[in-house]
Ligand SMILES: Nc1ncnc2c1ncn2[C@@H]1O[C@H](COP(=O)(O)OP(=O)(O)OP(=O)(O)O)[C@@H](O)[C@H]1O
Ligand SMILES: [Mg+2]
């Protein structure tokens, strides 16, 4: 067994390559200057003695929404702290997995009370959501001044949007409240109630996906902090000026290109780079090469698919096989209707239940959510609405391999081998 601590190491600060914002948070986001300046202008009234505007931030996963809103509200907090006559409180709640408005309100009451009393308090239990809202109003009034409430991942609230409806309209004596809602869920964003949209989204800021060039710069800045003997020439912080004894020249461009061609997700790009560095370390190599990146990508894909289908119902696996077949026959991307035809054939072949098309579509969307499929919304032609086109976003061989482990499905996957 190898001893800990013996590694020479390519890292200077390993935490910087952890994409979780709790571990490392960048201090600047030059790629998001425009988006941040729109948030800035929506918050600016506070500095002029007015009320902040509500903001809805929307964009796919890993685009710097959470970290961007964090940086901007921290900057505002610093300004407020330096002004003797301004009182500003920022409350941040993640609605991920909340399911209901009740959970979000309970978390907000807890945070508001902590800000009010300056000590840790328990989450309230028992009150109804209307009572919770009254408690919250009472606490916010006691805190007073300007209050910014950041509701991250608001799609986690699902159908019960009471809090999204009430909060942006709350009018409480002697307090001005600004709500910043963040979501990466296109469907949720589109389906938002018109009233919520108009009150919460009075300013809408869209974070569109990074391209490979932007991802390169993002990775270069992370690498310069995380890895030893890696630095910027002439203090110019872009990928062209990165010098490194640890990374071979094609590593960052390759990580950026792979993540860029997927979804332009910075979290994914950083995860790929850090996995490649870990693999180099495992090899005892003091240089990270292109082959480490390729191996890292395979490992990550395997993990993603494994996670996506391990312990999953047979229905989800069959849905995945429809996309596989479509891919291998050169027909991808395909819409739900075409894939559903494949689905009916498969379920008949193995004697599984055949669900309605709507339920089948949900399975496809689940897979797209897990980045196993790519769902691309397209117009069906004038006045005929939008449809989702699906294609496989992982290696077909991996799908054959993993789904084929299920005895019930191996008779289908065998045909593809
Ligand atoms: N412009 C950037 N520069 C440096 N790092 C970035 C940039 N954009 C994103 N990141 C990093 O990428 C990761 C994901 O960012 P973030 O958590 O803000 O994404 P998000 O848009 O909120 O995604 P989600 O919708 O999944 O919550 C974080 O580690 C963040 O530090
Ligand atoms: Mg986020």
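Counting starts with 1 at the first residue shown.
Glycine residues also receive a Cβ, built from the backbone N, Cα and C atoms like all the rest.
Under the heading ATP binding site, TrEMBL lists 210, 222. Taking all protein chains in view, 25 other C-beta atoms sit within 10 angstroms of the C-beta of residue 210 (ATP binding site). When secondary structure is read from DSSP and collapsed to three states, residue 210 (ATP binding site) falls in the coil class.
Mapped onto DSSP classes, the domain 'Cdc6 C-terminal' (320-403) shows 45 helix, 16 strand, 23 coil. Annotation source TrEMBL lists domain 'Cdc6 C-terminal' at 320-403.
Annotation comment: TrEMBL describes 1-30 as region 'Disordered'.
Residues near residue 222 (ATP binding site) in space but far in sequence (CB under 8 A, at least 6 apart, same chain), listed by position: 16, 17, 26, 270, 273.
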